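Encoded as structure tokens, the structure appears first; notes follow it.
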């Protein structure tokens, strides 16, 4: 795999002395400086608008057109102007003076307010089932409440917060080149906070540094001390004690006990009282909606859903009239110290371990000019009360993946059921089980909705673009980088960089230095070669950040590939594939099949969006990007002829959430629509590029289907996942498909096959065990499953 960094493509040997390669990194590329024209002087999209379907009032009232014109600020850049003083001494002590000037509101009488809260008092007086009643000694109960409260939080220490902010500011300036924040997004959040409603930030989770960087950012912007809901499993006791004094919150282990446990009832009542007190006092709260980095599990965090449940319950009972939810995301060029060891990813971070990691980061960056960049994204706030009242879902009847896909995989039927997929990988913990069933569903849909908004508002960094080009485009990095940047902006996503093209490429390649090799083949020409093995796996993980931008087109391209799989040879020319007519019904069916196969954690469909609405969106995207062209069949009314259309009676009474084809009022007319693949010169390469974006996941699924013949079953879920991961690694060594050798892809394949009915789970004394279902015990059905998956893969 070779990629040219210059305009001409050459084929030369890849070998080069290591000393000569090292000189390439140190001496620069020696190429002509060129300005980035695609996004300088063009409209930069303002991303992060809230859902107009679920929260229309917030969409209009909590947004101001003027804020889109504001620029960016570097939140870790503190100068003399950021303090009240001036002079040469201030310029040397500006970090320290800035930390002293930060306003930290005091927290007084918190334990007494918690004890006097309605929930705790009702529990102590025996007014709720499981209450202690009059039989217990009040002093012992108060001590138990204080013990639970001490596990949850501690009053923030102003001196410690200021000292930590000063040290963190110095550390961030050594680690990061800049931490960019859109001034318009910050202004939007500040204006929303002026209404007096509490802010609840719901964030993605790239690294443990997110929980430190976001509070520092909000403190520097004058929004006070951010209370962070941490995961107890990710921190040691000593680190938890430090984080509590800095404003951290931890869920007590008793809160996950059974519903009839008195200890669990008391712990949940205390946590609920703590959340209510935070919301009443107006302190901002940060909740992570994703699992901690390195955790092998579902993307949506069960702990994050539990914290969201407490906030929803506080608003529903009227403790606070409303709360403003702010989707947040933090993106990095490279995630600092991302855990990559499957055996040690779940180990808690200790205080001394964290200190050594900080020192190691500082030592590695000492004298290094290539520091990483970061971007903080604050999406448009929206009203939680409005979402509770007006949130709607297109889910009517739901079916499991086994009911939807298994008959089609086995060839027993061809029609796709007109229903949504039910797939919930995130376990429901004790705090969420304590809510009503409809409230549990509300919390799950809200969490999925906000996580989708956070991912959609994330900017694409230069390293993600570079990794994608190195994996899936093999021509000219300079030209393709500009093209891909423009395609991202045209789709309403933002990029986390700007500057000159040569500098951007040099910056990203320097950060990816451990995974690529630079070879000079002639004067002015440079060859970029990805390192085989783990380097390709790392590049595939980086390129996955680009998938949300092109996800609709990628799903559509793979669906078209599946539709053409049985008609033309896989290696057939593009002109031969463009001759075939593709009906709209066939396209809908293939898109639905692929949608059901792909995990919900990847698609992140909003609950207010139906599958058929998404199918229409995918088809529209394929037409807009020029891959599909409408074909007028003889005797049919042209698609552009809207003058003779008449309103159908059934359209007049459709639900407002039912978004169907706007060009046709009768489904019978839509059935007759046909499309062809476009014959434009750029279409074959772009079609292949879109298909390859989903190829790591689909190839992992196909290899998991082939592994059914070799897997040792029955086994535990973790044991079988480890078996599959070792098989993916062995296959990668043989075939060179290293982008599939990812433990997250392995566990995603195992869970998908479990939902599909390929694997069945049975209880045992040692825990649940997986075994092969009788239906897929035959080699014939296993081959049908593998062929069903491989039809969507473009070789």
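The backbone N, Cα and C atoms fix where each Cβ goes, and this holds for glycine too.
The feature transmembrane segment, as given by Swiss-Prot for the ranges 306-332, 333-359, 360-386, sits at 306-332.
Between the stretches 199-204, 205-210, 211-216, 217-222, Swiss-Prot puts its motif 'HXXXXD motif' entry on 205-210.
In this model, the motif 'HXXXXD motif' (205-210) carries an average pLDDT of 90. Tertiary proximity for the transmembrane segment (450-472) is limited to same-chain residues at least six positions away from its ends with a CB under 8 Å from its CB atoms, namely 1, 3, 47-48, 50-51, 202-204, 289-290, 299-300, 325, 327-329, 331-334, 373, 375, 377, 379, 480-481, 484-485, 488, 493-497, 504-505, 507-509, 511-512, 516, 528, 530, 536, 538-540, 542-543, 545-546, 548-549, 604-606, 688-689, 692-693, 739.
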